[in-house]
Amino acid sequence: MAPTGFSLALSALSLALPVVSGASLEYDSMCISSTTTLYEYATFGAMGSKPSAAPVKSSPSDSSGQAKAVGSKTVSQQYAPPSDISYPGVTFPVYSPQSPNPNGPLYNPNNYVPQPVSWPGYPKGGQVAAPAFPKHNSNPGGTNKDLFQTPSWCKKGSDLKPALSQSDTNGNSVWGLIDCPHLAPYLGLDNSSVTASVTSSGSLAHATTSSAGSSSSSKSSSSPSFSFGSPANVSISSVPSGTGIPSSLAIPTSLSVPSSLSFPSFNSSITGFLNNTNLFNGTACGKMPESSRVRHYDLSVGYAVIAPDGVQKNGLVVNGGFPGPLIEANWGEWIEITVTNNLPDEGTSLHWHGLLQEGTPWFDGVPSVSQAPIAPGESLTYKFRADHFGTTWYHSHYSAQYSGGALGPLVIHGPKTEPYDIDIGPVMLADWYHKDYFSIVNDTMNGFVPLSNNVLINGKMNYPCENTTFVCTPNAGISKFAFKSGKKHLLRLINPSAEAIMKFTIDGHNLKVIANDFVAINPYETNVVTLGVGQRSDVIISALNWAPHVEAVGSSGDAYWMRAEMGNGFDTANPGCSFSDGISIQATAAVYYEDADTDSLPSTTASWTTAQLQYCGNDALSLTTPLCKIPLVTPATTETIDITFGSNGTNFVWFMNNSTFRADFNHALISAVNNGNMTFEDEWNVHNFGSNDSVRLILHNHFITAHPIHLHGHDYHVLAEGVGEWDGTITNPENTQRRDVQLMQPGLLDGTASYIVIQWNQDNPGVWPLHCHIAWHVSAGLYINVLERPDDIQKMTVPREIKNGENTWNSYSNSVVVNQIDSGL
């Protein structure tokens, strides 16, 4: 099989030359992950490999039993519970080197506490349907709640000064600090390296520069001992013709930026941009810019002991921190990311959510589909195009690892579709569990619905510690944001939860929504944004009840609460859309305008209504019309899929058309199809749509929970949603909503199903997962594989890295028993 031009380009022998680094020094409060060095790669030939340093593969443990938390402190492997730990009715197990704890180095007693709700249990006596939901009323604040101040759960009489250091709560991560993020509007347009200096409080103070190629960083002598995430080695590769990238190796020394665009001043005599790679020479609806620039990142997935809300647990962290470091690129550039697995006893992968992976379906990051899992101690280098611009995230797609923290934000810079002054950057809204992920998955597969314990904003929140007898520090610290009066602020909202639907608001402010997922939309204003798992919204802050397009409402010295609430679906008095133990269902962060006391508690009140909090769907399709129209065609094929929850004879699991999914890590589907193998096991749930030009799916939800439906490889059209039978009416048929995740509303208690109708053009050959993005639902099988244009897949060349990874995993899995307790994804 002849290699494609793309695979030749990304596997080619290259010569590395240091050139420039990339961030604007005008943004003195930028959160920089680390010193950045750029390289040019002049490509000479095919199927070789560039001369670069091998990724560091630190051993997960040594002979002394010390577990290394990469980028964080060394953690002793603990086999037994502390002697003073007890819980009524619980016998805490003891582990050993021969029988290790599957949850990580820390002995977390929360893992052995029973779930507060016993549902659905095991099927009994031929039982097919799951039993009715039990009730579990919320009790905000829980035990001795009067000791705490709402809504931040600070001890009464205290302020918002954190009791724990940033490294104690979040490891190496800087998310949640008041100066982090704040993003520049472009990357790579100056000639210096940029590092961040920190004050003794952990707040970013100023940016400093070093010469190109330098790896030095500047920190104050009293700064805390944590790093700023991943090194970002950015490179430029020339790619052969036929791939949409110019083949010329000529690199001019100037870049023309249209005068109509507003940027900080910079020296335009730079190295490293081709004439036709100008990111800003088109509009949001224009063709993706062509670029031969490659940005390289090194990420590792491992353990660290973290306490994002004051409760200590094993974190699955990226580069030693939770959330993981920011990945950035410009629209049209190439991204290369080497991921190393520092977990001792399980595989991993990283998925780049929402990116289309056109021409690179094997780098989608899904074990058993596009690749084998990355074996412990091994690495895989992903290479793909920044084919959208906007906001997204990356996360592990191995089992439910991302629910334990293996995730981070990803931003692709591109044209502005609405004016704003300050890019605040990613704002991540997530549920949080005090149990470790492996124990939660085990509960899920043994008849218990997992209930979250808290909500986090950018990885931080307090917890009312009177509700646990285990390690918990009150006033651990919440996230803080710096706003400027009279300025328009862009917030990049992301819901990386395991299960929760998030409701987001900022007291006293309106939110102008300008993009959903990677799709720019015609703006509309609201006081509440709803995000299902995996969804993103870009919003610009304006003043509540003011005219559109105004500057931020706050004045110098003002403080406001930012809120994210998930509700509690078991609560009879105040039901919500998600499942929580009911003690802390809302996260708060503090928004401070200049000259405010940044430890003070805001005194503002929320504007949302009970009806808004209890609605388990996205905003109406009629509101969310894309800025750039893509015509809806008559579908070449239509399929109906029924989503049900019931017994497989052993457990209660999820079914799509009476089939539940289970991964086979030793057989990557795309490699099998590439080799001409079109025979699939039933449990792989492959739906072969062949070479049809377009596909329409009508999905029915027969259960009383919502499902965020995510399709890899596409932004799908959302034609209609509702309850009952679809009558064929399409909402906004001339300009249907498009996104990569849409909330499917719950079915009704009387058994009436809800529906959603989606459609996409089959223009991206690959094997694309379509699944509910609730971690516990996909763990229990709510997943199908969409096989698109298999004949074209057979003409592709699977990269050598993917084949090597499959061989490495097979060797590993032949030497150990892989503990796959769920679907695998």
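Cβ coordinates are placed from backbone N, Cα and C, and glycine is handled just like the others.
What TrEMBL records for this protein:
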- 1-22: signal peptide (SIGNAL)
- 50-81: region 'Disordered' (REGION)
- 50-64: compositional bias 'Low complexity' (COMPBIAS)
- 302-416: domain 'Plastocyanin-like' (DOMAIN)
- 426-566: domain 'Plastocyanin-like' (DOMAIN)
- 667-791: domain 'Plastocyanin-like' (DOMAIN)
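Per-residue confidence over the domain 'Plastocyanin-like' (302-416) averages 98 (mean pLDDT, predicted model). Note on the domain 'Plastocyanin-like' (302-416): DSSP counts are 7 helix, 51 strand, 57 coil. Note: the domain 'Plastocyanin-like' (667-791) comprises 16 helix, 52 strand, 57 coil (DSSP; helix = H, G, I, strand = E, B). Residue counts of the domain 'Plastocyanin-like' (426-566) by helix, strand and coil are 11 helix, 64 strand, 66 coil (DSSP-based).
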